[in-house]
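Student: Sharing the feature lines straight out of TrEMBL:
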- B:S99, B:F126, B:P127, B:T128, B:D129, B:D203, B:H206, B:Y228, B:W258, B:T284: pyridoxal 5'-phosphate binding site (BINDING)
- B:K229: N6-(pyridoxal phosphate)lysine (MOD_RES)
2 protein chains.
Amino acid sequence: MDLSRQYAEARDAQDPIGHFRARFHIPDGHLVYFDGNSLGRLPLATRDRLLDAIEREWGGDLIRGWDTWIDLAGRAGDVIAEGVLDVAPGEVILSDSSSVNLFKLASAALDANPGRRVIVTDDDNFPTDRYVLEGLAQARGLQLRVVPTDIDEGVDPARIAAALDDDVALVCLSHVAYRSGALADMVAITTAAHRVGALTLWDLCHSAGSVPVPLRQSGADLAVGCTYKYLNAGPGAPAFLFVRRDLQARLRQPIWGWFGQRDQFAMGAGYDPVESIERFQVGTPPVLGGYAVLEGARITAEAGVANLAAKSAELLRYTLRLNDAWLGDRLTLATPSDPARRGSHVTFHHPQAWQICQALKAAGVIPDFRTPQRLRIGLAPLYTRFVDVWEGMARLRDIVDSGSYEAFEPALGRVT
Amino acid sequence: MDLSRQYAEARDAQDPIGHFRARFHIPDGHLVYFDGNSLGRLPLATRDRLLDAIEREWGGDLIRGWDTWIDLAGRAGDVIAEGVLDVAPGEVILSDSSSVNLFKLASAALDANPGRRVIVTDDDNFPTDRYVLEGLAQARGLQLRVVPTDIDEGVDPARIAAALDDDVALVCLSHVAYRSGALADMVAITTAAHRVGALTLWDLCHSAGSVPVPLRQSGADLAVGCTYKYLNAGPGAPAFLFVRRDLQARLRQPIWGWFGQRDQFAMGAGYDPVESIERFQVGTPPVLGGYAVLEGARITAEAGVANLAAKSAELLRYTLRLNDAWLGDRLTLATPSDPARRGSHVTFHHPQAWQICQALKAAGVIPDFRTPQRLRIGLAPLYTRFVDVWEGMARLRDIVDSGSYEAFEPALGRVT
């Protein structure tokens, strides 16, 4: 194992998608950014597009801009559908936040399965997913069946299957776990859910744009995802949702907004929703965010999800090798050891992970802390280089070797 | 009555808030923009703020930007609370779209009044409001009692009062009607609703930033509003919601997202919402939109709602005088004749209103068409001048005098 910086540089020189980094705004060359899985970087095309949308379109076209903007959510959705999720145009649209979309699609799924009284999720699902489902279960007097998951190993399909019976209306899980980066087996779980007549709703926040998403192969029913991580659409950009084509016309979207209405501007009496994906829109969609998603998703589609996933896997393997060589067992792997079961981030356990995170930030490395006592390193493949991994891991090694992290405040009780 | 352009210029010269126009990006001096009540203009401060938020904050600070962004929805909400709605800080927050917020607050109101089986609205309410309420009523097996309203005269408090009884859980109406601009009597209606134990939910989309909103004087319970009209926050910018302080902790917000969670980043098991206005947030809020609201609301607050309303009233009176002088009875007023019952836009009826709208646009005047057969003229007071009214009405006069609008396509059946 070559531990030199030159090795990392050589890997970058051979990287078939390495040139995509030049299409991002990267003002600080010293910074090692390991958090593109929380907030992706700014694409130059997005900056230019937003400036144009602000000044020329909003400022100049004013209300006439809506001639262009009215189907922006669908156009961006189509890029995500074809270029990121490998499903058909018309199966994905931008709308609201991931949380609101989860509420809409989970509610629709429950209405489509009347009489069934159980929602299945797991205890490692992202908090907002668990809360949204808990709220729906409470409002409807249903049971939320929370399957225990090993937070380092991720969702166990056998445990999910064991929780399924013909009283289950909906199975809702994350495709890639937000802490460990563990990849759930979408095909096995969807198959098991369908066997008992349940619908599946997948949270793709940590997978869209970083790993292939087998919506089509699995026959998954519904999905939501955010766009500010691997799709690089900026803080709070609108989320997307996926509804398999054959389900669209028969699902009851619970929030009957005018952007789902047939002949919207007739402003007629009585809600009469379209039968297509626009049925899952609600209110006036955010235009700046919509453009940011359009541009971000285009870059992802251009690079190709297979290439992105391959590079992620290589970056991740390299991270683990450097960790093994430099840090030994001082940081414990909190991500599946099987490469086929990983997304695009890697997590380590350390009892003082919070302090190590603070020390890394002070040293110009931005990872993320996650409860409990975990250091998360995101390897967003569009702009993360091997040399970034080398630099970041070297600084991490120095911090752990020197014990300099002890000088930082321990975690507050609430985030240990 | 002086019908000269010079008279209009003289009025502009005396306008105490005339200087605010210079704070907007207005690239086309020929254009007369009468649609600021659909999409407000771009403030220069907003353009600058967005450029900075895109490049420096998102592009440079990356995830660290959330230290600044995390309470942006509340900060912008406070500016709207104090500077626009005259309620207390902590009673307003940005979140989602108006439609989603209507759903959230209407749902919360219904939960707070269990056993009551009726929602009251009127048939002139904005479509999305009617649809959202219809959806909620259907889901819960409640009655949506739709009070007939004269679309030119607006909500009649006596008719609303006659629809109230102790089975009514919620009264949901628009403060300013989207077609006529008629101002509803918030104090009388809220008082009548409270007398029977119902909660009130007001849609402020067409009033926030243009007329005083008597939330406090009326004791209104709940409100929502958009920010892209008189608050000039741009297309699809996030909406706001108001929940009277004493109601906040006891209302059940139906979409249990992580931005309402106490100790959000502890990511704990079980939804445990804060007791304050943040309880009504759901998912990750849009940052660019949040900044645009912050800047737009600040300008409105600086100009002062009383000044804005006074100028609107003067612009509206001037519009009507020019109409009387130049167009006689060819355009029929479709807005209350009592100035105290008007918002900041004026509507005219004409059997060929659609074609007249198209002709106006071709002549560089942007009004709006509204069903049925109505021409709507918005007089956003922050940047609309008396000379704009003069120019726009002169071009309208020429179009109607000449019959040139006949050359434009008649309305499609669906929007007559």
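Quick reminder: no glycine exception, Cβ is built from N, Cα and C everywhere.
Tell me what's around each of these sites.
Tutor: Sequence-distant contacts (6 or more apart, same chain, Cβ under 8 Å) of B:S99 (pyridoxal 5'-phosphate binding site) comprise B:T128, B:V132.
Using a 10 Å Cβ-Cβ cutoff, B:K229 (N6-(pyridoxal phosphate)lysine) registers 28 neighbours.
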Student: Could you round the CA separation between B:P127 (pyridoxal 5'-phosphate binding site) and B:K229 (N6-(pyridoxal phosphate)lysine) to a whole angstrom and send it over?
Tutor: 17
Student: Which value in Å gives the longest Cα to Cα span across the pyridoxal 5'-phosphate site residues B:S99, B:F126, B:P127, B:T128, B:D129, B:D203, B:H206, B:Y228, B:W258, B:T284 as recorded?
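Tutor: Farthest Cα pair among residues binding pyridoxal 5'-phosphate: 30 Å.
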Student: With Cβ-Cβ distance below 8 Å and at least 6 positions apart along the chain, what are the contacts of B:D129 (pyridoxal 5'-phosphate binding site)? List them in sequence order.
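Tutor: Once residues fewer than 6 apart are set aside, B:D129 (pyridoxal 5'-phosphate binding site) is near B:L102, B:T121, B:C172, B:S174, B:D203.
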Student: Taking the Cβ of B:W258 (pyridoxal 5'-phosphate binding site) as the centre, how many other Cβ atoms fall within a 10 Å radius?
Tutor: 22
Student: Out of B:P127, B:D129, B:H206, which binding-site residues come under 8 Å of chain A, measuring Cβ to Cβ?
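Tutor: Listed binding-site residues meeting the cut-off: B:P127.
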Student: In sequence order, which same-chain residues at least six apart have a C-beta under 8 angstroms from B:H206 (pyridoxal 5'-phosphate binding site)?
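Tutor: Counting only residues 6 or more apart in sequence, the Cβ neighbours of B:H206 (pyridoxal 5'-phosphate binding site) under 8 Å are B:N37, B:S174, B:H175, B:V176, B:A177, B:Y178, B:G181, B:K229, B:G343, B:S344, B:H345.
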Student: Around B:P127 (pyridoxal 5'-phosphate binding site), how many other CB atoms lie within 10 A of its CB?
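Tutor: For B:P127 (pyridoxal 5'-phosphate binding site), the count of other Cβ atoms within 10 Å is 21.
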